[in-house]
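See structure below.
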């Protein structure tokens, strides 16, 4: 029963916000003013990775086949394919996309720190180099995740189910249950995730301290603009990063203390992680005035056109 409800929840979380995400990307792309510098590129990068996560999440839903380290595939792909390799590839794509969405949000903080604290150094760098660095890190992250997942894949026929009864073979794919390799990858993933969260907080603190030191050098208007910009950056990026990490931490603690509710914990944390992208789009539109104004103008224009059409129709009837 839980799994059928979970399928519906995942479909709602991933499918319903698709128009919002496409609309948000359009607004950021077409209505970002020049004074926002490179921030719109970081926002679009995050939105693109999150959009890929949503598409992958529509294609494949994966539900734990406890007590084994296996998942039962559901979702759109199971209507056409029953293949372990394809399920593993889709699973890797979801993990890689979600991880890179978090990484994309983090990029804005060190870049903003360098622009404000070391502007001369940034001026010497070509933007193409910065873009190439970000792309290189994304590619490295994707390759790393795919390799790590590939190395711990276990075919269904080779999984040590005994002495417990194995789950039905249909739509099941598995990973190593134990072993130093798997434990090393889990520790590495946890370390990278924790490092991103810590560095995000660190760069935020460093920027606030820099503004305090420069209070006598910056004009009041410039200082307030930088502080306001940083507050918005914290709201749209730092909070999502911490919120993306928080469900994993809470889920891990719950699984350790209440293993009997492992399936429910998994559903809860997965739903929260998938929902982060939708919240991110809404925050971006609400936080930045140019985006709010663009949406307001589009809404007013649509309302005005509807009013004109209604007036014409009523006049014709009369």
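Each residue, glycine too, has its Cβ placed from N, Cα and C.
Remember, TrEMBL labels are computer predictions, not curated facts.
Matching 210-228, 229-247 against TrEMBL, the residues noted as transmembrane segment span 229-247.
For the transmembrane segment (267-291), the partner stretch with the highest count of Cβ pairs under 8 angstroms, out of 85-108, 129-153, 185-208, is 85-108. Here the transmembrane segment (12-29) has Cβ contacts under 8 Å with residues 40, 43-44, 47-48, 50-51, 54-55, 57-58, 271, 274-275, 277-278, 281-282, 284-285, 291, 294-295 of the same chain, all six or more residues outside its ends. In terms of C-beta pairs under 8 Å, the stretch of 41-65, 129-153, 185-208 lying closest in packing to the transmembrane segment (85-108) is 41-65.
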